[in-house]
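Colleague: Structure provided below as structure tokens; questions to follow.
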């Protein structure tokens, strides 16, 4: 896999300076770099103009990029870690200060980088230079950073204050209620009060924030920030919108069948007076604050409860491991396929459980500290099957960080945004297979005393149960995964204005997900802000792509491990052949086009839905039959959003 003209450099990785300049700039000094000090002793260079076409000068320039960018990245990661694991005004100010000065410094270095004539440089150098139209920097970097920290702080310290006077944090209290309560009135109140506590005060800041992003994008030749963002996330993918639409069109029929089945089960459980009869589903009944994953209501919707193994898995997990044990088990899986051990610093400095007394941002995330051996996970874990899966996902990020650590700093990132997310989930599909769960002892076999026909029926029921549980997580997520950035790109493009932020949000949620708010909403609310990735300005479309791409990668890993059988039963634990090929791809970081990396691993350079549809094919056929037998209407044509006219 060799790059031809891969000119990728992200917003946070276009830099160049010297050690003293970084320190002086952090101290507030106005620094102008003396580039002549880096000119080689090449007598052919007679002017600054000659230097910008010189191979030796370009090599020196790029060497400094990698050395000094790493120091900046380390400083930024440290400030971000300190803030998100201890939300205080002091830590917020420190994070904002470092981020702002980095933006200023980076802008100066990008100005210098653009002077190089990459057309006359050899490919091994030109491929490491930033593309000519990459974003230099948003305007007013200090104000932009300040706004983002205000919004993230509001989210991180937000609470749902109930009518009984109790105020609950998102983690773990609110999440526990949304996951486990079956009281529709309590669910509705918690759902509403979380949004009341977080969203409305954020809206004015978000309006200004988007304005600053767009101004900076336009000044750099983009129509708006969404155009830049798409290029940054999926470089060299000019038909990204078409790719996304094709993927969604492919999986939508399966989602519609799942939606119809779940709606019927919820109606049987809660009654039509709670669920309604327009075809949509109230958002508070699906076991998740954002109705993005539905696996927490498996007890309500499981087709064959007499052969359910979910409670058995959860009970065994709680009995046999603690939080540290979940991480140890994840590490063992990665080691079995030839990956790295976690470093001593990882175990020493990671935040694996929510600390007492400190305000922290509990959104699970992984950190590359850009310092040898320093990788961390931030997570408010307790022992649940859901967290067991999340631990494997987050550790996948850490393995990615460690595997591409030898790349130049500018390439120490995933091949694209979806690759970074897909690695851990590819492993997770193997971990969650019935084959692997049995090997762990989480599922007991009671098949020995059954007749052949009884055994066939038992296995068929268990398969449908297992696939439905997986679909509640993987398939139910897909419409939410595509709509978040559909809304955000519409905001950036001006098609969605502050006057209709919330209405358009709920129109998209109905259009894609077929859900509605449990109480009337209005433009006094700002429900997008109740989802972390909006105030954090963190992309979401990568999750949509990764949820499909992970099945494509999983199928390839299964084939490499010589597994034979239905795709959903595959467990490649212990297959170093599969692990080594995945590691080879991961070791490239972003130095090779993502299409080439995907083709090397899977045989195709395009993300397709073929593998995910193959995985769920038995469930899809069963859902069609079951919905037909119950004369269930598929879809929600004619439904409307729950809107309070002003």
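The count begins at 1 with the first shown residue.
Cβ coordinates are placed from backbone N, Cα and C, and glycine is handled just like the others.
TrEMBL: automatically predicted annotations, no manual curation.
TrEMBL feature annotations, pasted as is:
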CARBOHYD  86  N-linked glycosylation site
CARBOHYD  164  N-linked glycosylation site
CARBOHYD  164  N-linked glycosylation site
BINDING   235  chloride binding site
BINDING   393, 397, 421  Zn(2+) 2 binding site
ACT_SITE  394  active site, proton acceptor 2
ACT_SITE  533  active site, proton donor 1
Colleague: For 393, 397, 533, listed as recorded positions, tell me which one has the smallest number of other Cβ atoms within 10 Å.
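Modeller: Among the recorded positions 393, 397, 533, the sparsest Cβ neighbourhood within 10 Å belongs to 533.
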Colleague: Cβ atoms within 10 Å, counted per site: which of 86, 164 has the most, among these glycosylation sites?
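Modeller: Its Cβ has the most other Cβ atoms within 10 Å: 86.
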Colleague: Looking only at C-alpha atoms, tell me how far residue 235 (chloride binding site) is from residue 397 (Zn(2+) 2 binding site), rounded to the nearest Å.
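Modeller: Roughly 20 Å, rounded to the nearest whole number.
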Colleague: Between the residue listed as 'active site, proton acceptor 2' and residue 164 (N-linked glycosylation site), how far is it from one CA atom to the other, in Å?
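Modeller: So the alpha carbons of the residue listed as 'active site, proton acceptor 2' and residue 164 (N-linked glycosylation site) sit roughly 37 Å from each other.
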Colleague: I'd like to confirm something. Which of the recorded positions, 86, 164, 533, has a Cα closest to the Cα of residue 421 (Zn(2+) 2 binding site)?
Modeller: 533
Colleague: Going by Cα-Cα distance, pick out whichever of the recorded positions 393, 397, 533 is nearest to residue 164 (N-linked glycosylation site).
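Modeller: Answer for the nearest of the recorded positions: 533.
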Colleague: Which of the three DSSP states, helix, strand or coil, fits residue 397 (Zn(2+) 2 binding site)?
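Modeller: In three-state terms, residue 397 (Zn(2+) 2 binding site) counts as helix.
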Colleague: Measuring Cα to Cα, how many Å separate the residue listed as 'active site, proton donor 1' from residue 86 (N-linked glycosylation site)?
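Modeller: The Cα atom of the residue listed as 'active site, proton donor 1' is 19 Å away from the Cα atom of residue 86 (N-linked glycosylation site).
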Colleague: Whole-number Å only: compute the distance from the Cα of residue 397 (Zn(2+) 2 binding site) to the Cα of residue 86 (N-linked glycosylation site).
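Modeller: Just about 22 Å between their Cα atoms.
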Colleague: Name the secondary structure element type, per DSSP in three states, that contains residue 86 (N-linked glycosylation site).
Modeller: coil
Colleague: Compute the centroid of the Cβ atoms of 393, 397, 421, then list the same-chain residues not in that set whose Cβ lies within 8 Å of it, in sequence order, for the Zn(2+) 2 site.
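Modeller: Neighbours within 8 Å of the Cβ centroid, excluding 393, 397, 421: 366, 394, 396, 400, 420, 422, 423, 424, 425, 546.
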Colleague: Could you find out if DSSP has residue 421 (Zn(2+) 2 binding site) as helix, strand or coil?
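Modeller: Note: residue 421 (Zn(2+) 2 binding site) is helical by DSSP.
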